[in-house]
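Single-structure report; data block below.
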Amino acid sequence: MTSLFDALSRSNDRLPSPNFLPEDFLELLKSNDFDTKLTTLIRAATIAKREEDWFHKFQKKGELFKCIDKIICDDRWELQHQCIKFLVEAMPTFGSATEYCMCFVMPNLIPKLVSNKVTVRKITHQAIATFLRLKPEALQSFLKMLSNFMPNCNSKSELITELHHILIPELVKSNWTCLVENFTTESNIQGCEDQAGVLMKKLHYFIGNEFWQKIITNLSPEKREVLEQITANVQVEHTESKAGSGVLRASAKPQSGGERRLRFGIVPSLVCALIAEDTDANQRISGLEKMKQVVDQITPEEIARLVPHLHSYLLMLSNVLEDLNFKVVVLALDIVRATGHHLKGHMEAHIQQFVNLVAKHFGNQKSVIKQIIMMTFMELFQNINPKTVGGCLRVFLENKNSRVREEVINIYTASLMTISPSKFNLQPLVNILVPMFHDVKKRVRLAAFEQLSVLAYLLNGKTEIIMKPVRDFEQDQNSRGLTEAVTARIRRQVLPRIRYDGLIEYSTPPMMDSFDLAEAEMSLPSNADLSWIVSNGGVEPDPFERTMSPISLAGNLATIRRNRVIQQQGQAEKPSFSLPQQPAQQASHQAQRLPNGIEKSHETSENSSLDIGQRIVMTRMKSDDSFVRRQGSAASNPNSSTSSWEAPKRPPISPSEKSSISATKKEVNNNHIVKKGNLKSMRARSDTNLSEDHGEEEMENDPPRSFDDRPAKASGQYSFQDFDAAIVPSSMGKKSISHHSLPITSHPPLKHAISQPQKRINNNGTFLRSGQGQRTKSVSKPHRELTAVSKTYSLLDTSNMSVNQALKKMSSDEWADKVDGLNMISTLSETQPRMVADNLKEVIIAILNECKNLRSSVSRVAIVTIGTVAQNLNSKIDSEMEKICAVLLSKSGDVSNAFIRDDATDSLNKLVKAATAGKALQGIILAGAKSKNNTIRSSCANFVYDIITIQGSSAILNNQNALSNVLPVLLQFSRDQSPQVRNPGKQSLCFLSKDPNFDRLMRKNALESEIKAVKDVLANVEKRGGVDSLESTANLSGSLSRIGSTRRVQKKLPDSLQLDLDEIRTELLAAGWERRLTGLQRFEEMCGHASKAVASDTRLIEAFISRLGDTNGKVASCAMETYISTMGSMAKLYSTESNLKAVMNQLAHALTAHLSSKSEEHKHLARTCIQHTIRSIEPVSLLPAMTSATKKSNVKQRPFILTQYCELSKLAYKSKPKQVEVMALPLLWDSVKNSAPDVDNKKATQYLAKTLAKLIGEKQLLDLATSELDPNRKKQLDALIR
């Protein structure tokens, strides 16, 4: 754990970390930055409340309290308040060290009782009272420190007033002699005798007359006389409150009714007291209503008084917003809105706190709250820079709650529709929006596409700004169809609208409610956006991201089982013949039928409405893996549940019968609500009424009566009623959550022969539960003979099998049925290939869906099946090559399971040999050539080489289209960073070059640039030993398999830290040079205490590098000074972090540009930066960037940069001599060929030549120069060396 904030990202179901507070926690507290300290204390208070044993695990307790003691003395009251609040929250966790720790900070804590800030005073006496409540025996220590402070106190009356709060019930029987002696000393109470008398009188009533007389008898006569004088004229009322506790009221000097104290400069203290009353909602509502009147009538003078107290004012509202009372929340949000409306630009300094305040109720489904939040942000966008507000909102797009993400997107959309687009930077908005298209929730994707329409309209035809990030994201995620979906939405030319209440009304009806398009229409290109919103590009959501609902939440378990039995009896009565399939258009008009084929009447349908209603309620309870599979297989399985449920299949009916049906049957949508009109007449529904129409909970669509209607069984419940008589294994109670506990414990390579998932049997013949392994106790169940378990289709009569039957089994929830279906497809492809070929599209889609199955035993069988089908169908598989290659290549790069990689590679080998060479080559290239996974690219390069060798060189070279597709890919492979990708690419080019007509055909069918690039690659191969050297290198590099199955996961930064980084980047890119200077200062501070976080943000580094070349001289100088000061903490990261290596070129070019500056200061700073860079960063990492900068340098820049490049080459040659030769020698040839006439450039070229001659050797250097330089230039080089 690298920072304090990482602890807050831990989910509730994880075990607490043994080192809960990180090592850099103390460094954060010692930081000079105000925001860093404040944020650290806020997070620490949260941790202290949540984890009881954090203090015992923390090692440096003494140093921690030294930091706290120092922060309490800080001049800024916000830090004082938060630090003392941390003590209040953490004090119960100190245990036996409470007295020692609190007495350590008490001398600096007591003076805060007389602070000029009411907030600090309140939290201080709360901390002291908490301490004394936990440790009553520590009262004497506290009173002695109080006595030491009294003589030096300048506000004794305020101090005495605050001491009333320590009269708590736990201290009734304690010894108060020290306090009485202190207050009977004349020097201590001079000028505040009345307040001291009131306190003494209250103490008298508090401890009782018996203890009071004991204290008085021990006083000296002088002090006894002083005590009688100060208490002589004081009267204290002793009344009983409702709770039964004693309440003392002093009547010495009552305040006049006209006097009142104002909190925050504008709010009467009486109103604040009503608001603070959290036990009585009516009083709090009354106080909020009065406060609302004050805020609505605020004057400019009152605004000036409120602004200095704005932090504590918003803190008070934040506490109120945590109330559970609806009216309280609405009034508080309305006050927040009014505050932002009246303060306008004054709110910018507290914008992050303001946004976090309102964000407490993001995702709330109450219409009033959503309206107030929308109004608040619309006014905020108008009064403050929209870019600042948008940056604060961005962090909530990563919230786990999908309703929060949807609401934030709608706020962005509304702001774009109401604010001038010139105030926004649309490109970053597009970059933020694009990942939302791939969100796991339909509602979020729908909201994102609505915002897309608005952005496309504002860009006024410049769609490339949108399409480029979409294509990049699609490539990064290896998802297909997003570009088409975005294009379809842009072509619709429809926009959402803002309703009368300020909320967004979508331009298209949400697919979760009703969708009047048939499935055939969904596949049209014009509806690609709707299809994407429904299916998310066919990507199955992770079932472990959803919380498993316990069976008890589903309702009456007895009712569920009774409905299940009725359903099984109904299914048993059905005839066992298969009905022909019909198109979706006809199926939507078919009538319901009873099991015996008789048509249901309208009355019968109405009588079953109660059962339908029960099923609607039960759909929320379905198991998560069936829900996931239902979404993923929507387009593939005609008999499975989809987002648009089809009617049951039946034979064609006559037109007269259709008319009679339509006259009696009401058309209902997916939620069984009677439709009132078609899609054109339907009012689009907003994000608000989307949930209001459904009641408090959102329901899933009700599928047909099929396998999805089976209620989820409780974990550990097993039944044999769901299976055929020949099948013995029990059903799974719960899906296995890890591939380590699968039934296949040994992982033999799967062959194309039929495979059945093995069942492990214990000694007594009972079965172990699937997914539990040997750790599960055996359960005695009735079972049949073992011979019935091993069912192989090779021994069955294949005439009884059909593709539809196999697809139905594959759509089952049970993994064993899925494997049976896959094995049936494999057998049918061997025995009846014509049947499989006629239904090839449906078969391939179903198998590919199972390739993505989370259970590896199913996915492996599916991967092997796809290879078997391809092997048996040969060229008939060509039409599905692209889909198959995309899935299998992604599986060949799977880092979690080496056996899946091997199976995918075997199936691809069969696919490549079976399909047409041209189609196979095209599919392989499209699926893997541009992947970012090294293993996938390596697999792709090897298969391309295999296909080229199968097809032959002449077939490629003579076909201009084929050559134009293959040649750029092979050049890309030959330049790849991974040797496993480079070597097959070079081998392919070498194979083509062996053709006798290679040169002629290349000149005829290839471009000149490609011919030159190919020659360079072939020359490099020959220089390194030819094709044989490539094969030996490939053998040394290893195969595609990886050692281990783990992947390094990039940890997500905490939201608060990421927000700081975003703010710094915004300031670095600001239009005003003063803000850019501020951004540089904050960047330097952030590098000092969170360098790894800075290094992880590539955009922040790029923004900093852009300041190195700033047009403003002050900013550029400050940036270079900042670069030098941060080099100590960032140097190692520049050498190791891949994202920083990617920006090294920009850094080198930015520094080199100042070498030709007219300003001597800039030139000196640039030289210093370059020298520090070469000394600090690892030479091999820096060498490519410096080579590029040296090549592009001009005449003025070249002498210095070339000299420094020589020093870098000396350092890098020790570890990477070949790399230095490859990079430095072309630079030397270029310098000799194009040498400048001035003396400095000649000296620099001579220094480079001598350096390389010393490193490589003079003779070898001249030999290498023979093929690069003409004789005259070679003589010049010889003269330079000598």
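Cβ atoms are placed via backbone N, Cα and C, with glycine included.
Here Swiss-Prot flags 33-240 as region 'TOG 1', drawing on similarity to another entry.
Annotated repeat 'HEAT 1' per Swiss-Prot: 59-96, in sequence order, evidence recorded as sequence analysis. Residues 26, 29-30, 34, 37-38, 41-42, 44-45, 48-49, 51-53, 102, 104-105, 108-109, 112, 115, 117, 119-120, 123-124, 126-127, 130-131, 134, 311-312 of the same chain lie 6 or more positions beyond the ends of the repeat 'HEAT 1' (59-96) yet place their CB under 8 Å from a CB of it.
For 162-209, the entry in Swiss-Prot reads repeat 'HEAT 3', with the evidence type sequence analysis. Mean pLDDT of the predicted structure over the repeat 'HEAT 3' (162-209): 82.
For 268-515, the entry in Swiss-Prot reads region 'TOG 2'.
Per Swiss-Prot, repeat 'HEAT 6' is recorded for 349-386. Within its own chain, the repeat 'HEAT 6' (349-386) is flanked in space by residues 310-311, 314, 317-318, 321-322, 326, 329-330, 333-334, 336-337, 340-341, 392-393, 396, 399, 401, 403-404, 406-408, 410-411, 414-415, 418-419, 423-424, 501-503, 687-688, 691-692, 1059, which lie at least six positions past its ends and keep a Cβ under 8 Å from the stretch.
With DSSP states grouped into helix (H, G, I), strand (E, B) and coil, the repeat 'HEAT 7' (388-421) comes out at 29 helix, 0 strand, 5 coil. Residues annotated as repeat 'HEAT 7' in Swiss-Prot: 388-421.
The region 'Disordered' annotation in Swiss-Prot covers 566-714.
Here Swiss-Prot flags 702-712 as compositional bias 'Basic and acidic residues'.
Feature annotation from Swiss-Prot assigns region 'TOG 3' to 800-1022; the stated evidence is similarity to another entry.
Feature annotation from Swiss-Prot assigns region 'TOG 4' to 1066-1282; the stated evidence is similarity to another entry.
Annotated repeat 'HEAT 15' per Swiss-Prot: 1219-1258, in sequence order. Under 8 Å from some Cβ of the repeat 'HEAT 15' (1219-1258) lie the Cβ atoms of residues 1180, 1183-1184, 1187, 1190-1191, 1195, 1198-1200, 1202-1203, 1205-1206, 1209-1210, 1212-1213, 1264-1265, 1268-1269, 1273, 1276-1277, 1280-1281, all in the same chain and six or more residues away from its ends.
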| query | Can you name the far-off residues of the same chain, 6+ from the ends of the repeat 'HEAT 7' (388-421), with a Cβ under 8 Å from a Cβ of it? | reply | 348, 351-352, 355, 359, 362-363, 365, 370, 373-374, 377-378, 380-382, 429, 432-433, 436, 439-441, 443-444, 447-448, 450-451, 454-455, 458, 495-496, 498, 502-504, 687, 1055, 1058-1059, 1062-1063, 1066
| task | Write out how many residues of the repeat 'HEAT 6' (349-386) are helix, how many strand and how many coil, based on DSSP. | result | 31 helix, 0 strand, 7 coil
